[in-house]
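J.: Okay, so Swiss-Prot annotates it like this:
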| type | residues | note |
| --- | --- | --- |
| BINDING | Cys16, Cys18, Cys37, Cys40 | Zn(2+) binding site |
Amino acid sequence: MKKNIHPEYKKIFATCSCGYTIPIFSTKSSDMSLDVCSQCHPFYTGKQRTMNKKGRIQRFKKRFNFSEI
């Protein structure tokens, strides 16, 4: 590897919209802002919602007059 051609890594902070701050190393020189992180994303927090598909399927069948085969 050649010397002195690679960008310098700096410690910056990524701040989420929920207020959580994550220290990371990057070639970027300024701090970053994130929309979601592991502290506020529904998948990681366990607050995710599941969609009730049965009602939607029944509505579709009713709309197009499908009967059970």
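The count begins at 1 with the first shown residue.
Using the three backbone atoms N, Cα and C, a Cβ is placed for every residue, glycine included.
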J.: Here the binding-site residues are Cys16, Cys18; which one has the lowest number of other Cβ atoms no more than 10 Å from its Cβ?
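T.: Each of the binding-site residues Cys16, Cys18 was scored by Cβ atoms within 10 Å; lowest is Cys18.
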J.: Excluding near sequence neighbours, so keeping only residues 6 or more apart in the same chain, what lies with its CB under 8 A of Cys40 (Zn(2+) binding site)?
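T.: Non-local contacts for Cys40 (Zn(2+) binding site): Cys16, Ser17, Cys18, Tyr20.
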J.: Give me the non-local Cβ neighbours of Cys37 (Zn(2+) binding site): same chain, 6+ apart in sequence, Cβ-Cβ under 8 Å, ordered along the sequence.
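T.: Long-range Cβ contacts: Ala14, Cys16, Cys18, Tyr20, Ile22.
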J.: Cβ within 8 angstroms of the Cβ centroid of Cys16, Cys18, Cys37, Cys40: which residues besides those meet this for the Zn(2+) site?
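T.: Near the Zn(2+) site, the remaining chain residues are Ser17, Gly19, Tyr20, Leu34, Val36, Ser38, Gln39, His41.
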